[in-house]
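What follows is a single structure, written as structure tokens, with notes after it.
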Amino acid sequence: MRKNIVAGNWKMNKTLQEGLALVDALKVALADRDKVNCDVVLGTPFIHLVNAVASIGDKKIGVAAQNCADKVSGAYTGEVSAAMIASTGAKYVILGHSERRTYYGETDATLKEKVVLALANGLTPIFCIGEVLEERESNKQEVVVKSQIENALFALSAEDFSKIVLAYEPVWAIGTGKTATSAQAQEMHAFIRKTIVDKYGKEVADGISILYGGSCNASNAKELFANPDVDGGLIGGASLEVDKFMPIIDAF
Ligand code: PEP
């Protein structure tokens, strides 16, 4: 059965010292819980990966990078490869975030390469998809999301596709305080799962965790996660403080 996952995306926040403090505080808060009903992932900037992995030492918390190179290794100044990320002990990599697509020109074709490299290095891609506001307003959200999935992921074998975590993040809801309604989230997640059924069959589709992202917070997480096809969240702003992140984890 698929996992429930709450993954934080710190984006470009936290100095080394601030990151260590946040990881420590989260560890303390999680140790306080008798039971945590989801896997917790921390998506940190590269500089935190080694420390976060070392500090956590708890299998229920995974560490994610927020990007990886689309090349194996070599003369690509400033890039960090999937193999380098895996060598830190991080288990996940967030790929295709809308900020990477918008500000750094990442295309489905580049992302396809990144996914292959991530999987080849044993990393679980948390692959982000989602429409912009104009696409939602012109009712094109399903076409857009389907094409993002098809173009970047549908060349994978069923075995490899089964290792992916998807994150539906309507771009108009990211960092805006405007959340998709619970019904909008469920409708899109069900559509995504149906798209996977059509390509890989029901067994594969039922095993894929599909997270919701976009202004998810303590007040809306429970309702969003109660949907049958919403298997957790990718959390930006609210993952930067323990008091905001823990209630989302506790929403399961
Ligand atoms: C994100 O960065 O993936 C995100 C969902 O951000 P926020 O929760 O701040 O909207």
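Just so you know, glycine gets a Cβ as well, placed from its N, Cα and C.
In three-state terms derived from DSSP, Asn9 (substrate binding site) belongs to an extended strand segment. For Asn9 (substrate binding site), other Cβ atoms within 10 Å of its Cβ number 27. Look at TrEMBL and you will find Asn9, Trp10, Lys11, Gly175, Ser215, Gly236, Gly237 tagged as substrate binding site.
Look at TrEMBL and you will find His97 tagged as active site, electrophile. Note: His97 (active site, electrophile) has non-local neighbours Asn9, Gln66, Asn67, Cys128, Glu169, i.e. same-chain residues 6+ apart with C-beta under 8 A of its own C-beta.
If you look up TrEMBL, you'll see Glu169 marked as active site, proton acceptor. In the three-state DSSP classification, Glu169 (active site, proton acceptor) falls within coil.
Annotation for Ser215 (substrate binding site): spatial neighbours Ala173, Ile174, Gly175, Thr176, Gly177, Lys178, Thr179, Gly237, criterion Cβ-Cβ under 8 Å with sequence separation of six or more. Sequence-distant contacts of Lys11 (substrate binding site), defined as residues of its own chain at least six apart whose C-beta falls under 8 angstroms from its C-beta, comprise Pro45, Gln66, Glu99, Gly236.
When the binding-site residues Asn9, Trp10, Gly175, Ser215, Gly236, Gly237 are checked against ligand 1, Asn9, Gly175, Ser215, Gly236, Gly237 have a Cβ within less than 6 Å of one of its atoms.
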